[in-house]
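K.L.:
Have a look at the structure that comes next, please.
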């Protein structure tokens, strides 16, 4: 098996099995980043693998100070916000939402049966926390993909195997969806000053070295520092995982639910702004999302 080509290969420093928990209105998630054992991994605040069937979902709720990245794996979700933005993302589609100074929105199933996907929360630097909200949305067909030597990748953000995502990441981020066929080996460069982790969706592989730990589905793998990671699929089945990395902000974080700022005082201001309908939340008062018609 090919040795790692990196000067300082990244190894596994922490492994966590993500347990199911309830969030929103009856929604079931497996939380990776954001659990007590791995509260944050700068600049990441949360990663949830969600599995939601109607009428469960995530009804009207606010955000300030960070970005939500929703990547659908199966089914469809409809998003509505208080500024009139509305749309549906389906399997393979991406929504990169910059909440900035304030968003109130809902995220609800748009079809019958199970809706399955991932939602990542990416922190914003202090200088960006009060910017205007923004959306980047890509359909599956517009997300760059490549297959080579038993490795497939969808490049949601950043670069892999010579292809780049068109998504602009205000906080520098890579987000890669890999599938490794049996016997395949992946060598993925990562900037050596970035934090990075893997979340395994399906199957199992060896991470860090050919004889490294074999880690399976629903596990979060925090990687140590280095210039890249190598992964070997020595199993008889397909392995699918997301590799996510980002440049640390190295700033204080104070979080209260959907508000993520740098100090307690700023979070209290955010709560008061939301309750009073000001400083970005002017359209919050009296707003309600429309019922979603299931396809």
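Quick reminder: no glycine exception, Cβ is built from N, Cα and C everywhere.
As annotated in TrEMBL:
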{"type": "REGION", "residues": "1-28", "note": "region 'Disordered'"}
{"type": "COMPBIAS", "residues": "1-10", "note": "compositional bias 'Polar residues'"}
{"type": "DOMAIN", "residues": "29-122", "note": "domain 'Pirin N-terminal'"}
{"type": "BINDING", "residues": "61, 63, 105, 107", "note": "Fe cation binding site"}
K.L.:
Since the record lists 61, 63, 105 as binding-site residues, which of them has the fewest other Cβ atoms within 10 Å of its Cβ?
P.N.:
61
K.L.:
When a 10 Å sphere is centred on the Cβ of residue 107 (Fe cation binding site), how many other Cβ atoms does it contain?
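P.N.:
By my count, 29.
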K.L.:
Below 8 angstroms Cβ to Cβ, which residues of this chain, lying six or more residues outside the compositional bias 'Polar residues' (1-10), approach it?
P.N.:
185, 187, 189-190, 192, 196, 208-210, 223-230, 232
K.L.:
What average pLDDT is reported by the model for the domain 'Pirin N-terminal' (29-122)?
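P.N.:
It averages 96.
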K.L.:
Starting from the Fe cation site formed by 61, 63, 105, 107, give every other residue of that chain whose CB sits within 8 Å of the mean position of their CB atoms, in sequence order.
P.N.:
58, 60, 62, 68, 79, 81, 103, 104, 106, 258
K.L.:
Could you put numbers on the helix, strand and coil content of the domain 'Pirin N-terminal' (29-122), residue by residue per DSSP?
P.N.:
0 helix, 65 strand, 29 coil
